[in-house]
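Each remark here refers to the structure printed beneath this line.
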Amino acid sequence: MKIPSSILKPISQFISKPRFFSIYYSSTSTSDIEIEVQTILDTFDPIEDPLETLVPFLSRNVVTSVLQGQCDVQSNFRFFNWAMKRKQFRSWVSHNSMIDMLCGSNGFELAWKLFEELKKSGITIVPQAFVVLISAYSKLGMADKAVESFGRMKEFGCRPNTFTYNTILHLLVEKEVYILASAVYNQMLKTDCRPNGATYGILFDGLFKEGKPEDALHLFDEMTQRGISPNAMIYTIIISGLCQAKRTDDAHGLLSKMKLNSCCPDLITYNALLNGFCKLGRIDESLELLESFRKEGFVLGLNGYSCLIDGLFRAGRFDEACDWYWMMRHENIVPDCVLYTIMIKGFAEAGKLKDALKLLSEMSERALVPDTFCYNTLIKGFCDLGLLDEAKSLKLEISRHDCFPDSATYTILICALCKEGLIEEAQHIFTEMEKLGCSPTVMTFNALINGLCKAGEQKEANLLFCKMEIVANPAVFLRLSQGADPAHVSAIVKKRVEHLCDSGLFLEAYKLLMRLADSRVVPNIYTYNILINCLCKARNIDGALKLFGKLQTKGPFPDAVTYGTLINGYQRVNREKDALAVFDQMVERRCTPTLVVYKTLITCLCRKGNVALAFSHWLKYLRDLTDREEGKIKEVEDNFNRGDLEAAVRGLLEMDMRSKMVDLSPYTIWLIGFCRAGRVEEALKIFSILEEYKIDVTPPSCVMLINRLCQEGEVDLAIDVFLYTLEKGFRLMPPVCNQLIKSLCSQDRKNDVGELLTRMRSAGYNLDVHLNQTTKAMLRASTPSRYRNSNTYITNASL
């Protein structure tokens, strides 16, 4: 029981001779001072004034020892609040001890009760007290309470310092609430609280995770302008982030700048850069970097080997990956769970599942527990080879290691079952997943919906889609936001969050963002694309349009695949005008058409013989490419408009060859388009130019050209094209071969027929199978007897 302060004398009055005070305490042990502090905590209320008399004799170790030996949370927290006013008493040990104490029974309740008492007594609450409270909430996963605590600091007359801001920023970045983190940083600047290197390190990490490398680099410049020199940790965060953003060359340049600024890279820096190059498949450059790093004293450790081995497997260099693994083992470096998983994945993807299983057993022998991710890697390997029973057995084995199948495990199995056409079993796995409390992700839903669509179970797919929407039950704001321009919505959300933060309503800002992120199984654009594609393939264009309309009003925002799928759907039902209208809408809404979309569109146009418009759209596509010269494109366009097709096609081919990206698709589409339009002469020009440039004309183009030439009576030209296919080793389907032979027979060209049949047989055609009954009848009536006697195929055909 505490003694009222009114009947207590200050501790100094118990010392009869104050002049000997320092001598008395200097001669006593640390434990004696701890006892004095403990006595004050047990008997005085308030404790602050008595503790002030002990300041000259206290140390960081004494403060820590008192905190660790005291059981009363409220008393300890008050002592902590008093001690943290002075830098010399602060330590990470005390900080962490207080966090652990608050996480205990009634810790938070007692902390807030103490804050109320201190507020009433007019005693200052230091920012460090709120920092440990925020950290304790965060440690127990109570992020909303942590944010609320930060927001209530003003209520208790406590102004956040840099350390407090860094604590809350770290939590927000960890929870991926990047918009709020940005708003809190801006609030920090408005209150004239100076950010430090740690502040920027946290923000850089968040911006890279959010996929905003440019913003991170701008902030890096802002940091240096504020006079904060980047240390090795900051450089490493930026280098690692740039590598994650696939900007490894920029990362390499920053490493050079780091060295020029006399900041030495460490193992983490070197590993981050090596990992970046390896992830992009730039293995040879990675090995060159490794060699240069070794000259600077870098020693490849476990993490470095893991990066390199993973990169080699990704690049398909299986033997080299194994060589590096054994090189590492010879250096007595023991693999961890991460490297074993990399090795298991590499063996599984190479189809060496027995070796992968041996590695799994080896892990257990080394007392390394395989995690769910490790098992998922192996399960996928079995699924890829169609060994579903083995995959399902591994799923059951996971629980033996105190792990549990996760959403990825079930998604892998559902994908594999759907691929094998086992839709009912996939649905059973999906139901089992839900019963066991493992929430399906959007990928899980997509896998099953895709499987149902491919199996023609459109009704079931639609029902699952509806379930997906019902389960999600996303906030209205999310619904509205996904239907609008994403950049515009992001700006609205950001403005709203900043307004709430300016008002000190940090918890409200956090809750708003959590509501938006809550619905993790909201149908994404991939879901909609699956269903729209399924409807288009079934020629149910009206159903596809209805879903497309829903997409535009509710979200998510249609992408290039959505528009391309719809254009392709219109093409299937011969609605070219509607296809063009969708394309125009796509461009109007600033959704950049992909190469596939352009190809679909020009195919659609050429099918109706509108080659000129198809050509125009292809030039539009080329203008969007960075490596094509506008002057050359204009020259091609002028030649085409003048009717000089040959010059136009040659100009296009030369541009393609300079860029080292010759795409045969447009030339094939135009050739077929000219044939459909009855402009066979122009089709032949394209054929001849492609042959001249030693670019193989596709079999479909040859078939279309042969048929059109035969229809127009140009049989000699048709034979030339057919002989071209024989030289290239193409095997054409029976209809076109029969068409050509019939055309020759109808012109009574017996010798040419016989020669052609001989050439076809030499090329490997089984003419008894390839020629239909009508053609055989014509041959029987027109083929010279010498061909009947000298060719077994004629005998077999009873000619």
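Just so you know, glycine gets a Cβ as well, placed from its N, Cα and C.
The list of residues near the repeat 'PPR' (91-125) in space but at least 6 beyond its ends in sequence, with Cβ under 8 angstroms from a Cβ of it, reads 46, 48, 60, 63-64, 67-68, 73-74, 76-78, 80-81, 83, 85, 131-133, 135-137, 139-140, 145, 156-158. Feature annotation from TrEMBL assigns repeat 'PPR' to 91-125 (among others).
Mean pLDDT across the repeat 'PPR' (126-160) comes to 92 in this model. Taken from TrEMBL, the feature repeat 'PPR' applies to 126-160 (among others).
In the repeat 'PPR' (161-195), helix, strand and coil residues by DSSP number 26 helix, 0 strand, 9 coil. According to TrEMBL, the feature repeat 'PPR' maps to 161-195 (among others).
The repeat 'PPR' annotation in TrEMBL covers 196-230 (among others). Sequence-distant contacts of the repeat 'PPR' (196-230), counting only residues of its own chain at least 6 positions beyond either end whose CB sits under 8 Å from a CB of the stretch, comprise 162, 165-166, 169-170, 172-173, 176, 178, 181-182, 185, 188, 237-238, 240-242, 244-245, 247, 258, 261, 263.
Per TrEMBL, the feature repeat 'PPR' maps to 231-265 (among others). Remark: secondary structure over the repeat 'PPR' (231-265) totals 26 helix, 0 strand, 9 coil, with classes taken from DSSP.
What TrEMBL lists as repeat 'PPR' is 266-300 (among others).
Taken from TrEMBL, the feature repeat 'PPR' covers 336-370 (among others).
The feature repeat 'PPR' is assigned by TrEMBL to 371-405 (among others). Away from its own ends, the repeat 'PPR' (371-405) comes close to residues 337, 340-341, 344-345, 347-349, 351, 353, 356-357, 360, 363, 412-413, 415-417, 420, 422, 436, 438 of its chain (Cβ-Cβ under 8 Å, at least six residues beyond either end).
Taken from TrEMBL, the feature repeat 'PPR' covers 406-440 (among others).
Residues annotated as repeat 'PPR' in TrEMBL: 441-475 (among others). Taking DSSP states H, G and I as helix and E and B as strand, the repeat 'PPR' (441-475) has 28 helix, 0 strand, 7 coil.
Taken from TrEMBL, the feature repeat 'PPR' covers 524-558 (among others). DSSP places the residues of the repeat 'PPR' (524-558) in helix, strand and coil in these numbers: 27 helix, 0 strand, 8 coil.
For the repeat 'PPR' (559-593), the residues of the chain that approach it from at least six positions outside its boundaries are 525, 528-529, 532-533, 535-537, 539, 541, 544-545, 548, 551, 600-601, 603-605, 607-608, 610, 621, 624, judged by C-beta separation under 8 angstroms. Summarising the annotation, TrEMBL assigns repeat 'PPR' to 559-593 (among others).
Each residue in the repeat 'PPR' (406-440) gets a DSSP state, and the totals come to 26 helix, 0 strand, 9 coil. Same-chain neighbours of the repeat 'PPR' (161-195): 127-128, 130-131, 134-135, 138, 143, 146-147, 150, 153, 202-203, 205-207, 209-210, 223, 226, 228, 490, 493-494, 497-498, 500-502, 506, 509-510, 513-514, 517, counting only residues six or more beyond its ends whose CB sits under 8 Å from a CB of the stretch.
For the repeat 'PPR' (406-440), same-chain residues at least 6 beyond its ends with a Cβ under 8 Å from one of its own Cβ atoms are 372-373, 375-376, 379-380, 383-384, 386, 388, 391-392, 395, 398, 447-448, 450-452, 454-455, 457, 520-521.
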